[in-house]
Amino acid sequence: MAGAITAHLSEEASVRPKHINESGFVRFVLIGIALLFLTLMVVLPLVTVFYEGLKKGWDVYVAALTDSDAKSALKLTLIVSLIAIPLNTVFGIMAAWAITKFKFRGRNFLITLIDLPFAVSPVISGLIYVLLFGAQGFLGPWLDEHGIQIVFALPGIVLATIFVTFPFVARELIPLMDAQGVQEEEAAVSLGAKGFKLFWHVTLPNIKWGLLYGIILCNARAMGEFGAVSVISGHIRGETNTLPLHIEILYNEYQFSASFAVASLLVMLALITLVAKKLIEWRGSKWQSK
Amino acid sequence: MKGSAIRRVLPGFGLSLGYTIFYLSVIVLIPLSGVFIKTAGMGWSDFWHTIWNTRVIAAYKISFLTALSAAGINAVFGLLIAWVLVRYKFPGKSIVDSLVDLPFALPTAVAGIALTTIYAQNGLIGSKLEPLGIKVAFTPLGITIALVFIGLPFVVRTVQPILQDLEKDTEEAAVMLGAHRWRTFSRIILPEIAPALLTGFALAFARGIGEYGSVVFISGNMPLRTEITPLLIMTKLEQFDYAGATAIALVMLVFSFIALLIINVLQSRISKRTTSA
């Protein structure tokens, strides 16, 4: 589903001859409706987070962010992302390589399977690991015997996050590498390039922007995941609370200002993600036109 | 070029495919199969009573109807936004284009608390609607608004590239044959972008059915009235009713798989259309 996000606005397309364009008035109204809708649905929530977070003053805002539970939530969120993203990146590259550089039976079916986590409700994404590793789960008794804790602990949170962000890198790379074909790699092979060197020197330069974008998307989702992590974390304060869970707890305790203050961190992450996307699009199109 | 013998000149087929299948199995397939195995051990009548009683049916209905109306609203406004972005020039267009992606990038819980605050009785918009007798937060309407937020980028981003690639020639021809703009739109342009619009609608709908984070705050979670299906699973888990949670999860999974199948068929139709054009 995330693969649908790469659209570029070309300038010439928006300059149209009069007879196949709407009248100035209609254009004005349509642009007005679009902007109003986006303001109400997207901009207003964004502004609300900062407004509510800062409503009780800068001190309350800073206090909420430097609170020890908030700090440990931030730390946990960073650790989880640092484990989940590299794993999914390696998988994404492997999967895209197999799918786009070779023809084999069941190729389309494999792509559908990679998409599966997008179609699964986040709550179910957490539930499946509870079923597998929880106290009543299939492997629960065995894990218990060996003193390994997965559910209500870091490994469970990491697993759920990996599941939820599973397709992002692969989904970004597959269409890109498909469009690029295999000619360059084949030429390199005939010149004697081998294995990982081939990928590093020939393929990677061609896909680096797409790869980077996939990683950034994966990161945004990993840091912000709520439902899946909520099921498996057990909400232990200071221990298994990620930032989104910390926001929920503060909100449910009516500490609205603190809750929105922490939320503003994640809003900034989202805004950085959007800016990075624009930059990558811009660099990517510049690079392509060279 | 299409012969497999030629393609296998490149190294790493066994390794990359093997790793892909291994990782896919460990992370996705084996854990997901747990849902089926767990439910299989349940017994038919138990299973039926869990997935088909008044409270659960009410949750299905709320999930289905709110996701459907949100996807419908997004189909209309998403198309409008894509249209404006592709065809018109206006100041700040690039920023507007970026903002469309915000719901993808913003954590759902953050969206949830922000929307709840705006639409609560004393909120910015909620307080204006209250005298009119319209309640948004803690009603199905509130759930719908959260799902509109979540689903918007799906429609815009699937329709946008198709609209961009649309040939001017057919529109020119329509005008020369005397069609008005509206007629050109409804007879020429709309059929051309319909598959993409339908895909966007289906993606937004599928996402809306499973959505949890943004909805849980604004819905108020009242059984029979504003309890969505994912929340019901959550509630059962909190009561340690793992079998019950899993049975409902199975129903949702089957539904999602069917949705995914339909979306894939739609998407392959679009790519056929664009490559043949």
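Heads up, the Cβ atoms here are built off N, Cα and C, so glycines get one too.
Pulled from TrEMBL, these are the features on record:
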TRANSMEM  B:12-37  transmembrane segment
TRANSMEM  B:57-86  transmembrane segment
DOMAIN    B:60-263  domain 'ABC transmembrane type-1'
TRANSMEM  B:98-120  transmembrane segment
TRANSMEM  B:132-156  transmembrane segment
TRANSMEM  B:188-209  transmembrane segment
TRANSMEM  B:242-266  transmembrane segment
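Distant neighbours of the transmembrane segment (B:188-209): 63-64, 66-68, 70-72, 74-75, 78-79, 147, 150-152, 154-159, 161-163, 166, 170-171, 174, 179, 229, 252, 255-256, 259-260, 262-263, 266-267, 269-270, 273; these residues of the same chain sit at least 6 beyond its ends, with a Cβ under 8 Å from one of its Cβ atoms. Counting Cβ pairs under 8 Å to the transmembrane segment (B:12-37), the stretch among B:57-86, B:98-120, B:132-156, B:242-266 with the most such contacts is B:242-266. Sequence-distant contacts of the transmembrane segment (B:132-156) (same chain, at least 6 residues past either end, Cβ-Cβ under 8 Å): 62, 65-67, 69-71, 73-75, 77-79, 81-82, 85, 100-104, 108, 111-112, 115-116, 119-121, 123, 125-126, 197, 200-201, 203-205, 207-208, 211, 214-215, 218-220, 222, 225-226, 228.
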